[in-house]
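K.L.:
Okay, here's the structure, questions in a sec.
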Amino acid sequence: MNLDNFFRSIVNALPGIFGALLLLVVALVVAWAIKRFTITVLNKIDFDQQLQHWGFAKSKEEANVFIETIASILYFIVIILFLPSILAGLNIGGALNPIVAMFATFLAFIPNLLMALIILVIGGYFCNFIKRLVKNILTGLNIDKWYRKVTKQSVHGLNVNENQMADVLSSVVYVLLYIPILTVALETLGIQSISQPIIDVLNQILGAIPNIFAAVVMLVIGSFVGKLLGDVVEGLLSTSGIDQYSKYLNFKGESQLKISGVIGVLVQSLLTLFFIVEAINILNLDVLNAIGSSIIAYIPAVISAVIILALGLIGGNIFANFIKQVSGSSLFSELVRFTIIALAIFMTLDQLKIAQTIVNSAFVIILGALAGAFVLAFGLGGKDYAHRKLEEIDHTLAKEGEQSNQIITDPQQTLNEDNHLDHQV
């Protein structure tokens, strides 16, 4: 009886076993066919060259290995897809229910994945087309030529791209167009835990694009206005004759700097800085806004410090030249020059609020040291000279005393002589 049940169970299991074996053979054939088909198609479309172009492979052999790996992955995926049916024919499919559920979820996800890939591919081709179109338009408008003309740049003799600005702007357009497409593709996947944070970041970027565009426009306008007003100020000062004092900016009386040029650059830099700070305010970046406000608040101190230093240099050189012409002493003129310049430097540092206590203390110490050195040098070095002068003064005073005594005794002698004459008469 038990033997009959055993054989009956074997006979009943034979159809399932044969069915499982048949499904296994079919799975192997289908997997092999898909593997060969994948390799053939990828070779037909020169996928190995694309892999080398994208940087996934350094040689044709590495590209072929990569293609073989892709085909093998598809091979095992087909086997795994057939595996639940094969095991179900052997009546042991219950143990693989979690795996079956996983594959069911994966198969249900495949349409979303394919749709997202289609969106990305079509969107990529569209964005690439728009990028080439924008680049051709900008190249036709000679935007790089105008940019180099405004910025006074030259590419002659340099190994640079002559259409660099057109490439940059077209790439920016490509990115701006591709961000919404990437957002739609991520939403198509339906994986909220992965796609939602990325979508939020992309939405923030899209929301910031108007502010970024306004900030860029502000920077461009600021650069143009700063350059224009800087050139105007430089031209007006140059015609006013202020450059004749430029020679006093150098110790030797000659300077490559021109006062008009320096002031023009300062005006351009200040205006550009104002526009940069305003552009940062448009971006609503709190940390950079605070830094920009601090810089703007510090500008008056910088301007006054530059003026003090310039006046110190010019005044020191002018007074040094004047004293040298009057006295003919180069040593004394250089002493005056460096004293005035040192005073201007200390005043500049104090105006900039750079270690004010240390600067003031150092100035007092240096001034006291110079005074002490002068007193000691005069006292020790002029000892003999002072001794001679004091002797001359003493001799002069003694001589004047003797003359005074003679003047006092002469009237008495005259009176006696008159009395003697009267007696004789």
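Keep in mind that glycine also has a Cβ here, set from the backbone N, Cα and C atoms.
These came from TrEMBL, pasted as-is:
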type	residues	note
TRANSMEM	12-34	transmembrane segment
TRANSMEM	65-87	transmembrane segment
TRANSMEM	99-127	transmembrane segment
TRANSMEM	172-195	transmembrane segment
TRANSMEM	201-221	transmembrane segment
TRANSMEM	259-283	transmembrane segment
TRANSMEM	295-319	transmembrane segment
TRANSMEM	331-349	transmembrane segment
TRANSMEM	361-380	transmembrane segment
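Could you give the neighbours, burial and distances for every feature on this list?
P.N.:
Only residues 6 or more beyond the boundaries of the transmembrane segment (65-87), in the same chain, are considered here, and those with a CB under 8 A from a CB of the stretch are 20, 23-24, 26-28, 30-32, 34-36, 38-39, 42-43, 47-48, 51, 56-57, 93, 95-96, 99-100, 103, 107.
Outside the transmembrane segment (99-127) by six or more residues, the chain places 80-81, 83-84, 93, 174, 177-178, 181-182, 184-186, 188-190 with a CB less than 8 A from a CB of the stretch.
Sequence-distant neighbours of the transmembrane segment (259-283) (same chain, 6+ residues past either end, Cβ-Cβ under 8 Å): 208, 211-212, 214-216, 218-219, 221-223, 225-227, 229-231, 233-235, 237-238, 242-243, 245-246, 249, 289, 292-293, 295-296, 299, 303, 306, 310.
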